[in-house]
Each structure stands twice: as C-alpha cells, then as structure tokens.
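Heads up, the thing below is written out as structure tokens.
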C-alpha cells in the first residue's frame, strides 16, 4: 500500500470518528430533552387528572386505526370493589394526598435501588421522604377510626365496635334457650323449666306445654 493510500484511509477513519462523536452528542441531547418533556407531561397529568380521559380517547382512536393495543389509562377516581370484607383504601384522601403518597413510594424505590449500588439519596430527598412518611402515617391514623355520624354519634364516644363496626343491641330479640345461663332450660342442673307466668306444678308432677296435666 502506498503512502497516499494510507493517508486517505486515515483521513476517512478520522471523518467517520468525528461523525460518530457528533451523532452521539446529538443523541445525548435528544435523550435529555425527551426526559425533560416526559417529566413535564407526567407533572401535567398528575395535576390535571381529567387529561387521562383525553389520553384514553387518543389511544382508543389509535387502536381503531389499526395500531398496537395500548395500556389502559390510569384511573384517578376510586375503584369500587364489591368483594365482601374489603374496604377502599382511598377513603378520605384528596388528590394531593394521593400524589404525595405516590411520591413517597417513588423515593423509597429510588432509595432501595441506590442502596444496592452503595449510594444514598441526597439530603433534600431524604428530608422529603421523612416528611412524606410522617404525613402518610398521620393520614392512616386519621382514616383508621370510625366515621362520624351514621352509627356513631357526632358527639360523645362511638357506639359501635372498635374500628367503626356496629354491634346492634339485642333488646327485644328472643334469646336461644340453649345459650342462656339465667332463668331458662336447666342446662346445668341448677334451674327448672321457665314457666313465664304459669304456676309451677307441685313437686313430683311434670307439665309439658300442649299436653293435659295428668
């Protein structure tokens, strides 16, 4: 290979290297701009829940045009679960409180990921995480008690069971004779038949309701 061929080959490599470096620089700038745009879009959607409906309509239109199926838009309103024994955890929370809770979970996940690499959150993020955790605990205590009104009166102690349940009074409801230990069926050998206003027969006589005494 002649010296001119070697120079032309080196020049071509230099040009290719310069183009590669320039394109990678453009790529980094574009990725940084894309991340900034995505964060701004996310913030707008969090502050304006109604935008989720617009996103859903756009995705539905795209699906009708033959595009790939997209994920469902996140619902900001409370999901109703009809399963017995379960209650919604979103009871009494505002949109801002839900955003704070999601921010706390995101910071906790970030802290775990950084801890895996031997790193820590910044001092500002640590302080924010402590504040959000403290606010979350206060909210949990706020909604854990029984609701005012309804079963529980507005003033005075609650009438229901701890946690807001209601134990109704059994006044006027006939009791089962098999569970009574007062004047009822002689289940312990210390009582007699409940006469309820009838005069008991003399000792040695037994009377059964519906039958004629002998």
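Every residue, even glycine, has its Cβ placed from backbone N, Cα and C.
Residues or ranges marked as compositional bias 'Basic and acidic residues' by Swiss-Prot: 128-143. Positions annotated as domain 'HDAg' by Swiss-Prot: 20-194. Annotation comment: Swiss-Prot describes 211 as S-farnesyl cysteine. Per Swiss-Prot, phosphoserine is recorded for 2, 122, 176, and the stated evidence type is similarity to another entry. Feature annotation from Swiss-Prot assigns omega-N-methylated arginine to 13; the stated evidence is similarity to another entry. Per Swiss-Prot, region 'Dimerization' is recorded for 12-59. Swiss-Prot lists 43-185 with the feature region 'Disordered'. Marked as region 'RNA-binding' by Swiss-Prot: 96-106, 135-145. Annotation source Swiss-Prot lists motif 'Nuclear localization signal' at 65-74, citing similarity to another entry.
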Structural state census, the region 'RNA-binding' (96-106) (DSSP three-state): 11 helix, 0 strand, 0 coil
For residue 122 (phosphoserine): DSSP state (helix, strand, coil): coil
Collapsed DSSP category at the residue listed as 'omega-N-methylated arginine': helix
Residue 122 (phosphoserine) versus the residue listed as 'omega-N-methylated arginine' - Cα distance in angstrom: 43
